[in-house]
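Colleague: Submitted below is the structure of interest, expressed as structure tokens.
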């Protein structure tokens with residue numbers, strides 16, 4: 001356990017002290033530590049590489065070039081269907097977002113996190129309703145061990161956020177990136193709908209991906225990477241996540257009980273299926289368990305776009321799509337709203353287990 005040698009009260013107090021600095025993990029590193037504080041130490045089995053990975057296991061890479069052409073589109077849809085069902089993750093190349101836009105986004109995130117602490121502190125918050133906030137570890141007070149990363153999140157309710165609300169350090173970069181991301185999201189929603197055998201506009205019509213939370217992560221270099229993690233094993237509570245990562249690496253996905261590296265590819269974006277997509281597809285598409293390893297090399301920088309329902313549908317119950325039940329069999333999950341799912345996800349924290357089993361009908365009915 002991460003609390004070995006530290007009683008519960010001292011461990012909690014150490015978290016409070018860390019939180020109150022408002023300097024994040026970068027502040028810990030900048031203080032000159034050679035050993036990581038106790039709150040960052042994870043159980044060895046969580047940090048372990050586990051079973052030696054089969055070198056033949058590679059995250060699927062799908063080329064989106066000429067996606068609007070009939071024959072090529074069908075080929076891409078088929079590849080997405082296979083990747084979403086068997087991996088829950090894929091890398092997209094030639095997706096339409098220019099390399100310059102992506103590179104400026106990465107540099108913008110770096111600029112924000114490498115500002116003087118007193119400048120960043122103005123954005124520090126744990127308030128749920130804060131549309132733009134800087135913080136370290138959203139689950140700080142419920143997690144058993146703290147992750148080695150800092151974050152800034154920007155909430156686009158129904159895809160809208162006042163650009164004046166963004167930090168000056170990278171407001172221009174975010175604006176350009178998110179304009180392009182909105183277009184890509186529409187394309188991806190169509191392709192996923194077709195991969196499910198549904199009408200092209202099905203996922204767009206049910207407004208399950210209209211709201212976006214952009215979370216920009218900064219993983220500082222770590223003096224003891226074998227003791228901690230950048231992100232604990234988890235799956236995403238979203239319908240869909242699209243991730244931009246730099247060239248450092250460290251993201252891993254769990255496939256066939258083995259941790260597989262998601263190797264950085266220049267110009268690529270990573271698409272992964274979220275829990276709620278697995279729920280509405282009745283397990284046809286799989287939400288992928290993933291983690292980020294800490295490293296002596298750093299910082300590692302990434303930007304994750306989490307796609308959620310529109311504001312109007314925040315409390316709307318989503319359940320397995322009826323048309324898919326002919327193929328998948330009886331419903332595996334009960335209906336739930338995004339609001340309810342997120343409440344349970346946050347209460348549980350990133351403990352290395354999926355939230356989905358709680359919503360299975362066998363759990364709800366006691367069968």
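Placement of Cβ uses the backbone N, Cα and C atoms for every residue, glycine included.
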Colleague: According to TrEMBL, which stretch among 146-173, 174-201, 202-229, 230-257 corresponds to the feature coiled coil?
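Modeller: The range carrying the coiled coil annotation in TrEMBL is 174-201.
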Colleague: Would you mind splitting the domain 'Fe2OG dioxygenase' (210-309) into helix, strand and coil residue counts from DSSP?
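Modeller: Counting residues per DSSP class in the domain 'Fe2OG dioxygenase' (210-309), I get 6 helix, 48 strand, 46 coil.
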Colleague: The domain 'Fe2OG dioxygenase' (210-309): mean pLDDT?
Modeller: 97
